[in-house]
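Scroll down for the structure; my scribbles are underneath it.
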Amino acid sequence: MLSVCFLLQIIFYEDRNFQGQSYECSSDCSDIHMHLNRCNSCRVEDGCFMVYNRPNFMGNQVFLRRGEFSDFQRMGCVMGMMGMAVMDTIRSCRMIPMHRGQYRMRIYESENFEGQMHELMDDCESLQDRYNMSDCQSCNVMDGHWLMFELPNYRGRMLYVGPGEYRSLRELGMNMTRISSTKRIMDIC
């Protein structure tokens, strides 16, 4: 039986257009500035990653899959899989492991798993339209990896959540005022 192994990899560059010192990464990195003085471009060779504009996986975040991102400062923002966030530099990154199987997440209207609760197994373009739920403040991800968006139809700033309990989504370093839509990360990265 033939076994296929994928090496998930992202390469960060100090300068625009993939110039200057580089740092290759195939796992989580809490502070890219430990390896580079700055980060102005990156190339995702294989896999899926969340990149953050602050150390320790905090601040604005963007989902990146295979591709080239040549100049953060000129662009003023980085467009990920969907949604947009102000991203003039990258300070940390998280590798998103591939997931096969079902997706399941419970979302709660209030922090600490209180208020209205709904279980999701697929994407939701609008929590308000589907559940008459104007916001989501906590969640429990049982299966899969998800992106949560501040606006309906997968727009606005995004937030990554993987398996685990999140008692307060506001404490994840985002200034998002609300969560209005959710999407499963299903890419074969």
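Glycine residues also receive a Cβ, built from the backbone N, Cα and C atoms like all the rest.
Feature list (source: TrEMBL):
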DOMAIN    8-46  domain 'Beta/gamma crystallin 'Greek key''
DOMAIN    47-97  domain 'Beta/gamma crystallin 'Greek key''
DOMAIN    103-143  domain 'Beta/gamma crystallin 'Greek key''
DOMAIN    144-186  domain 'Beta/gamma crystallin 'Greek key''
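Counting same-chain residues at least six beyond the ends of the domain 'Beta/gamma crystallin 'Greek key'' (8-46), those with a Cβ under 8 angstroms from any Cβ of the stretch are 55-57, 64-74, 89-95, 189. Under DSSP, residues within the domain 'Beta/gamma crystallin 'Greek key'' (103-143) fall into helix, strand and coil as 8 helix, 21 strand, 12 coil.
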